[in-house]
Amino acid sequence: MKADVKCHCQLYGFGNEFSSEDPRCPGSLPEGQNNPQVCPYGLYAEQLSGSAFTCPRPTNKRSWLYRILPSVRHKPYTAMHCGNLTENWDEVEPDPNQLRWMPFTIPKSSEKKGLHTLCGAGDTKSRNGIGIHMFTCNTSMVDRCFNNSDGDFLIVPQQGEILITTEFGKMMVEPNEICVIQQGMRFSVNVFGETRGYVLEVYGAHFELPDLGPIGANGLANPRDFLTPVAWYEDREVATGYTVINKYQGKLFSSQQVFSPFNVVAWHGNYTPYKYNLDNFMVINCVAFDHADPSIFTVLTAKSSRPGVAMADFVIFPPRWGVADHTFRPPYYHRNCMSEFMGLIKGHYEAKEEGFQPGGGTLHSTMTPHGPDRDCFEKSSTALLKPERVADGTMAFMFESSFSMAVTKWGLETCQRLDKSYYQCWEPLRKHFDPNWRPSKQ
């Protein structure tokens with residue numbers, strides 16, 4: 001089954017105007033109009049808007065779905081227990097320290113599975129903010145789907161592949177791939193064993209490709225490498241009830257209906273889910289001297305209202321060549337007006353080969369100092385500088401945000417994965433200052 005599903009993402013491009021119909025129902029897309037008096041096959045026409053109607057064309061997002069029954073047919077929503085999902089950023093006192101988490105445990109008990117909010121900032125009601133979550137699970141969603149009314153999910157699987165069924169079709173997403181489920185899109189997840197990963201949620205903006213500026217027309221994540229699913233539907237009644245879970249204003253609600261929501265026979269538009277393989281990233285790097293800023297590794301960005309300032313960036317640190325001369329090649333020591341959350345999909349991160357493990361994470365908050373540990377500094381300061389491969393077999397990433405993020409009680413206490421000895425990796429740094437140093441004579 002898994003091999004069959006991988007071919008379901010056959011639409012190539014980023015933000016394109018796509019159209020797709022399930023081949024079982026040829027001609028199910030209306031011709032020449034969006035909302036005919038009677039749709040082909042007796043379908044209902046339903047528009048899903050991801051932007052205001054009056055947004056300029058380059059930012060106007062919407063899709064038309066042609067479905068067996070409209071999504072409005074459901075019982076009233078009722079409040080659910082939210083578990084460790086929250087947007088309460090005042091649960092605990094602020095913590096400006098460097099924070100590191102050991103790999104997050106995949107629990108055995110069903111009540112602890114799902115989304116766990118680690119940190120975030122902002123507000124879903126004003127549509128301005130972000131949340132960073134971990135997901136852990138070992139069972140699939142059966143007759144249940146999820147709908148995020150608050151914002152977009154960027155999902156980064158770290159362990160185990162996930163089969164995501166959406167209203168637009170199916171996507172198989174493996175570690176070293178990412179997918180984006182945009183606001184309002186219903187989806188269900190099937191897993192094939194113990195599964196873990198990261199989620200970046202943004203409120204009030206959609207992810208887009210970063211501007212390339214003087215790089216030119218090509219480079220970084222190329223639009224042609226993004227994949228969107230093709231139409232697939234099921235006409236399935238669920239006598240025992242199908243549960244639709246809705247994240248709304250930071251809380252969870254559920255409603256019941258008697259049919260599968262994945263009943264879209266055809267669709268067209270530019271507001272879709274999509275996935276991307278990180279191996280396709282075209283790396284830009286320094287070829288002369290100095291260490292370039294990590295913004296050259298940006299895959300996707302969610303822009304804020306301030307020019308040049310991101311609500312959130314998704315940045316990766318992929319395998320590449322290091323060739324800079326007269327240069328300390330690992331990441332420099334840094335204090336940043338942005339917040340930096342890092343995760344590791346696989347391998348060993350160059351600046352900290354010990355302690356930072358796949359399935360774990362670090363948070364360096366606004367203006368919190370960070371940088372290479374002692375071993376990395378000493379080794380790289382004396383290394384013979386020759387062309388070398390960097391990060392082979394590794395994929396680290398960063399969620400960088402202009403928000404000053406608060407850590408949740410789950411992140412600081414309940415998860416019990418916080419490494420309280422993290423600061424000690426910098427304790428051995430020693431003084432190299434020599435007041436008698438003089439430039440060497442040429």
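Along the chain as shown, residues are numbered 1 onward.
Each residue, glycine too, has its Cβ placed from N, Cα and C.
The feature active site, proton acceptor is assigned by TrEMBL to His291. Taken from TrEMBL, the feature Fe cation binding site covers His334, Glu340, His370. Among the features that TrEMBL reports, homogentisate binding site is placed at Tyr349, His370. Residues or ranges marked as domain 'Homogentisate 1,2-dioxygenase N-terminal' in TrEMBL: 12-278. The domain 'Homogentisate 1,2-dioxygenase C-terminal' annotation in TrEMBL covers 280-433.
Look at the Cβ of each of the recorded positions His291, His334, His370 and count the other Cβ atoms within 10 Å; the largest number goes with His370. Distance noted between the C-alpha atoms of Tyr349 (homogentisate binding site) and the residue listed as 'active site, proton acceptor' is 16 Å. Less than 8 angstroms from the CB of Glu340 (Fe cation binding site) sit Thr362, Leu363, His364, His370, Met398, Phe399, Glu400, each of them six or more residues away in the same chain. Other than the site residues His334, Glu340, His370, same-chain residues with C-beta atoms no more than 8 angstroms from the centre of those residues' C-beta atoms, the Fe cation site, are Pro331, Arg335, Asn336, His364, Thr368, Pro369, Gly371. The separation of His334 (Fe cation binding site) from His291 (active site, proton acceptor), Cα to Cα, is 12 Å.
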